[in-house]
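First the structure, in the form of structure tokens, and then the observations on it.
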């Protein structure tokens, strides 16, 4: 009864992918509870007989070929990630240009005729249609919502999130994000690129997909969590590289925010994959937009342009040592703003978990449409009512409010909007709102004297609130670009105030806009190393390295004083059991014996002629129990051959409860009662050696029934199910040598979706057949002693990417 409550109490009406994004709260304490449907990746190698057979057959040439295949796959992951970025960028640009062309012509016509309501309806028609399509795609695959960075961060740190790296996920993600961005929501397409690259990295080396079951390739390599997570690391880095044109930043992102386990060889492969993604996207975008195939002019989806002073202004410098003081203050303000953003977004997310997600799926679509409706109306009204019509000029005058049409790039000029303004003037608010976000960022970085402080303040406030409300709705959405744009407006506002009220005419407004963008983004996401390099690579200006690094550090320190980064907050909201980088100092007062799980579910590993074996019926029943209570693994044990009463009194393992024993005790009396009787008569031995067909007697003392047993190794539930599914067993009248042997390829053929024990037809097997698990268990996993400090246990478990860590005493007892 208890077993069923543990696993069946979940709401059956929701899929694992839906539960992934819903989270669970405790009503009384308002705290997020860890979900039960997450599993740990098994990054540790299982050094069993099938694996050793591969090593024995591996010579230098085979090893070199194996490594060469890895490099080819890494290159293919980078190329495919770049092509995904090209697909998203092409259609976002196509849909956005179509929408703005129709709306712009309508606004220009209706400004004279007085039918601006019709223009608003046209804009609403475009935006609501696109957002509706994005929401429908998320209904198909719920885990495609959001940026995907929290889920990928969890995966790279060893937590298997349901559905996060499926082919259907990347299709819904890439297609949905282009509709979200084209629909006018304050979201970016760069964040979802990281998720898309990770999915490509997970699926491409497998040459199979559950969505395309009919397409099968005989490629039995890289079928382990260890290899798969390495490829996912490369794919995530490639996504960053494609989004920002920053291959080094992508590599550092995967290292800083992603994998807890890293090695030198992986670093080189990840960097190579990032380079492949960057130059693939650069090659095709440059050819499509400029017609110059073979040139590389557009390195990423987001381009910050070139920062340089006018040649006519000799006093201008990108930044000076005096400016560092202002940058530090901006970092503090950016950290405060980021902490406020995260706090508000966390409250909104909790509200959605209680009031939106439990309701029918249509409610989530309606919420997305409501956000789209509100955003569209506020953008249109703000541009019409709050925008300021400013005079355009063909000459540039330092320090004035006119716009130069000669000294700025053609792309920036073409994004100037004259909505609701008379001839020879432009609308500064509409120039920011009625352009793609990347164009608005370029305006703030490179235009001089074109935005009034009032416009910048209102734009920042609206963008701050609406982007906070938008992040978390049921559409694919990124947070990098909205944060950059919001911060750029803040930085540009600071520059305008310094010029107008303090008289610092020598400062370069673009630098302050860039530092403001870094400060706000750093205060929201709390990244340091990778974000510094990403911004440096995006600006192509190494001299910005010091101010960007100082600003990001100050923003992170300020924000960390109040709350966590936005991605860590959403990881906690999903109830993912993600480990921090370090333990608290107080935890070193504890030992491994204080935090271990004493009530383990295990299978007796009966020792007969040094082999570990168990009957089929016992194995199947124990697996059913384990599937309900313990979803991770099964510990194999062997009976002790001598009395160890000292250990019985010293360690909590003497209280271990064998749930399989309870099942065995209810079975019919075994056939070989004479052997059991002989063993029961040997009462001077509290640890009698049992045969497979014998059960513990009810006359045994508690010490005899729950005795600590010698630890012989680990075997996963998936491995045991595979053995049963393939009929790997032998009869009692035969020796263990007659048991069929499975190769490593056969053992991993069903990876990563092994059959469930409930799906197996065990009636085809003789229930008294014996399974020898010795060749398939891991005889030498990582273990710790009961007196090991918790910090040491934590470091070993996290850095080695372990799924389980047995506590074994000095005499080999668990």
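Just so it is clear, glycine is given a Cβ too, placed from its N, Cα and C backbone atoms.
The transmembrane segment annotation in TrEMBL covers 71-96 (among others).
As annotated by TrEMBL, transmembrane segment applies to 116-140 (among others).
If you look up TrEMBL, you'll see 231-254 (among others) marked as transmembrane segment.
Sequence annotations record features per position, and here TrEMBL assigns transmembrane segment to 318-342 (among others).
For 362-386 (among others), the entry in TrEMBL reads transmembrane segment.
Annotated transmembrane segment per TrEMBL: 454-473 (among others), in sequence order.
The feature transmembrane segment is assigned by TrEMBL to 510-536 (among others).
Annotation comment: TrEMBL describes 777-814 as domain 'CBS'.
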Worksheet item: What stretch of 71-96, 116-140, 231-254, 362-386, 510-536 shows the most Cβ pairs under 8 Å to the transmembrane segment (318-342)?
Response: 510-536
Worksheet item: Do any residues of this chain, six or more beyond the ends of the transmembrane segment (510-536), have a C-beta under 8 angstroms from a C-beta of it, and if so which?
Response: 240, 244, 246, 248-250, 252-253, 255-257, 304, 307, 318-319, 323, 326-327, 330-331, 333-339, 341-342, 441, 444-446, 479-480, 483-495, 498, 542, 544-545, 547-549, 551-556, 558-560, 564-568
Worksheet entry | Positions whose Cβ lies under 8 angstroms from the transmembrane segment (454-473), at least six residues beyond its ends | 145-147, 185-187, 337, 341, 344-345, 348-349, 352, 364, 367-368, 371, 374-375, 378-379, 382, 386-388, 428-429, 432-433, 479, 482-483, 485-486, 489-490, 492-493, 496, 566, 570
Worksheet item: When you scan the chain for residues with a C-beta under 8 Å from the transmembrane segment (71-96), skipping those not six or more beyond its ends, what do you find?
Response: 130, 170, 174, 177-179, 181-182, 189, 192-193, 196-197, 200-201, 204-205, 222, 231, 234-235, 238-239, 241-243, 269-270, 272-281, 284-285, 288, 301, 436
Practice prompt. On the DSSP side of things, how many residues of the domain 'CBS' (777-814) fall into helix, strand and coil, could you say?
Written response: 10 helix, 5 strand, 23 coil
